[in-house]
Amino acid sequence: MGKEKIHINIVVIGHVDSGKSTTTGHLIYKCGGIDKRTIEKFEKEAQEMGKGSFKYAWVLDKLKAERERGITIDIALWKFETAKYYVTIIDAPGHRDFIKNMITGTSQADCAVLIVAAGIGEFEAGISKNGQTREHALLAFTLGVKQLIVGVNKMDMTDPPYSEARFEEIKKEVSSYIKKIGYNTASVAFVPISGWHGDNMLEPSPKTPWYKGWKVERKDGNADGKTLIEALDAILPPSRPTDKALRLPLQDVYKIGGIGTVPVGRVETGILKPGMLVTFAPAALTTEVKSVEMHHEALTEALPGDNVGFNVKNISVKELRRGYVAGDSKNQPPRGAADFTAQVIVLNHPGQISNGYTPVLDCHTAHIACKFAEIKEKCDRRTGKTTEENPKSIKSGDAAIVMLQPTKPMCVEAFQEFPPLGRFAVRDMRQTVAVGVIKSVTFKDTQGKVTKAAEKAQKKK
């Protein structure tokens, strides 16, 4: 095997019928974790149901159905390999909670793959005011996914098939609006593909002889190639934030006989080690970490991306809960927020939102009602320039700077400092009505319990 490949995460976005499932299914199918037996089983079922033409998407539909029913399917199924990377598809839209997942997402996407359909009338429908293409691309950019690849799909459906003119027309149009959102188009690869027939997916297609390939220019190195898989291979690897202060949002807290209290969560930034003194915000509890485990193995250190359980002394299960955040007591420990100011983009709210609105916010693992205390200004989504001071209300499509107050103690951070703790989804009426990125936080100074174990550990030092 040699050296382990780097793991990267991608999110696949685009309008409902653009062929996301087929394209993604094709990659997983050809380069991925699905074994031949499963594929043959799927194909047989698809044929029996008269869905022969649907095999790649069918693979994905089967996986999605299992995922939605809460069957934890083997995550390997959502992975595929390129020459350089192990790629995990962290979510594909169409999934009910896609937007929420993308924000509170267990992991940040390193790159978004935008699929647009080239078929007659299809591209126009996807990019129209109420199509999802713009919304998804805007979301990806707002949430800090700065690398983008565009797959111009269904090239077999253009008139004439594999039309260069149609590809160029779409490329021009998409470039113009992703540029408005904030993407640098020089660094975006455009690839004409057929997710169904496989053109330019893994091998250059003889049907697009006019296509000379994609080129990207960026300060971290230029790249070029002919296919979608090569474009994925040219993604810049993420820098994992080990040099930042520790932030570990708790997913659960267990009581384990003979061991004690074991909080579980994913290290978002920094490093967690046994022997460390940790503070849990917003409760300001401080104690010592006795041990750290991942997949039932003891670790000497846990790094960003690791899902771990760690044993803490002198703290009962009742004192900790999901949504609390653990940090290093000696290095920028996390604190509860009195209030915070965020840029909020309203996606789909049926009415007007005004001061006093109190929906539930999902931020990292926290799920807490927060009050829109003061809508300070409306702003242009792209430039961030103020368009109206102290507006009475905001509605779908608006972006605004808002001061929010949590109704219960809550730990959040500025997006600039700790991205995973600085983006949130606003949930109301069982849907995501808005998304936000936190600009600044007013912290509370809370005096909390310091356990005996922590005091002892401090004396030793």
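Any Cβ shown, glycine's included, is placed from N, Cα and C.
Just so it is clear, the model here is predicted, and its values are computed rather than measured.
Cross-referencing 14-21, 390-397 with Swiss-Prot places the feature region 'G1' at 14-21. Looking at 70-74, 95-99, 315-319, the stretch flagged in Swiss-Prot as region 'G2' turns out to be 70-74. Among the ranges 153-156, 305-308, 353-356, the one that Swiss-Prot lists as region 'G4' is 153-156. Within the listed segments 91-94, 159-162, 171-174, 263-266, Swiss-Prot records region 'G3' for the stretch 91-94.
DSSP assignment over the region 'G4' (153-156) gives 2 helix, 1 strand, 1 coil. Here the C-alpha separation of Gly14 (GTP binding site) and Glu374 (5-glutamyl glycerylphosphorylethanolamine) works out to 34 Å. Of the recorded residues, Lys20 (GTP binding site) and Glu301 (5-glutamyl glycerylphosphorylethanolamine) place their C-alpha atoms 38 Å from one another. For the region 'G1' (14-21), the DSSP counts in helix, strand and coil order read 2 helix, 0 strand, 6 coil. Here the recorded positions are Gly14, Asp17, Lys20, Met155, Glu301, and the one with the most other Cβ atoms within 10 Å of its Cβ is Met155. Counting every protein chain shown, 16 other Cβ atoms lie within 10 Å of the Cβ of Glu374 (5-glutamyl glycerylphosphorylethanolamine).
Within the same chain, residues 18-19, 22-23, 115-119, 122, 162-163, 166-167, 192-197, 199-200, 207-208 sit at least 6 positions outside the region 'G4' (153-156) and bring their C-beta atoms closer than 8 Å to a C-beta of that stretch. According to DSSP, Glu374 (5-glutamyl glycerylphosphorylethanolamine) sits within a strand segment.
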